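Participant: I am attaching a structure below and will ask some questions about it afterwards.
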């Protein structure tokens, strides 16, 4: 399934070294590698991962 593989379509990084990157994708769940997932109480929920990493995951959508 899509949720099991860590991926991100919209990733923002700072210009620092190492970069601080955050995935801004919003979906019904967060990817499997996400440690800090924040969801709204709406239905369906809108979740995003608030983890900060030094890299971006591969894009979820194959364009």
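Cβ from N, Cα, C; glycine included.
According to Swiss-Prot, the record shows the following:
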DISULFID  7-60  disulfide bond
DISULFID  8-23  disulfide bond
DISULFID  11-56  disulfide bond
DISULFID  13-21  disulfide bond
DISULFID  30-37  disulfide bond
DISULFID  34-49  disulfide bond
DISULFID  39-47  disulfide bond
Participant: If I take the Cα of residue 49 (disulfide bond) as reference, which of the disulfide-bonded residues 11, 13, 21, 23, 56 has the closest Cα?
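Facilitator: Of the disulfide-bonded residues 11, 13, 21, 23, 56, 23 has its Cα closest to that of residue 49 (disulfide bond).
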Participant: If one looks at the chain holding residue 39 (disulfide bond), which residues at least 6 apart in sequence have a CB under 8 angstroms from its CB?
Facilitator: 30, 45, 46, 47
Participant: On a count of neighbouring CB atoms within 10 A, which of the disulfide-bonded residues 30, 56 is highest?
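Facilitator: For the disulfide-bonded residues 30, 56, the Cβ with the most other Cβ atoms within 10 Å is 30.
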Participant: Specify the secondary structure state of residue 37 (disulfide bond) as given by DSSP, simplified to three classes.
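Facilitator: Its secondary structure by DSSP: strand.
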Participant: Which disulfide-bonded residues (21, 34, 37, 56, 60) fall within 10 Å of residue 8 (disulfide bond) by Cα distance?
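Facilitator: Within 10 Å Cα-Cα: 56, 60.
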Participant: What residue among the disulfide-bonded residues 7, 13, 37, 47, 49 has the most other CB atoms lying within 10 A of its CB?
Facilitator: 49
Participant: A 10 Å Cβ contact count, applied to the disulfide-bonded residues 34, 60: which residue has the minimum?
Facilitator: 60
Participant: Does anything in the same chain, at least 6 positions from residue 11 (disulfide bond), have a Cβ under 8 Å from its Cβ, and if so what?
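Facilitator: For residue 11 (disulfide bond), the qualifying residues are 21, 22, 23, 24, 56, 57.
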Participant: Go through 8, 21, our disulfide-bonded residues, and report the one whose Cβ sees the most other Cβ atoms within 10 Å.
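Facilitator: Neighbour-count leader: 8.
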Participant: Report the nearest neighbour of residue 60 (disulfide bond) in space among the disulfide-bonded residues 13, 34, 37, comparing Cα positions.
Facilitator: 34
Participant: Any idea what DSSP makes of residue 8 (disulfide bond), helix, strand or coil?
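Facilitator: The three-state answer is coil.
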Participant: Under a three-state reading of DSSP, tell me whether residue 56 (disulfide bond) is helix, strand or coil.
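Facilitator: The residue in question, residue 56 (disulfide bond), is coil (DSSP, three-state).
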Participant: For residue 23 (disulfide bond), what is the tally of other C-beta atoms lying within 10 angstroms of its C-beta?
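Facilitator: Residue 23 (disulfide bond): 25 neighbouring Cβ atoms within 10 Å.
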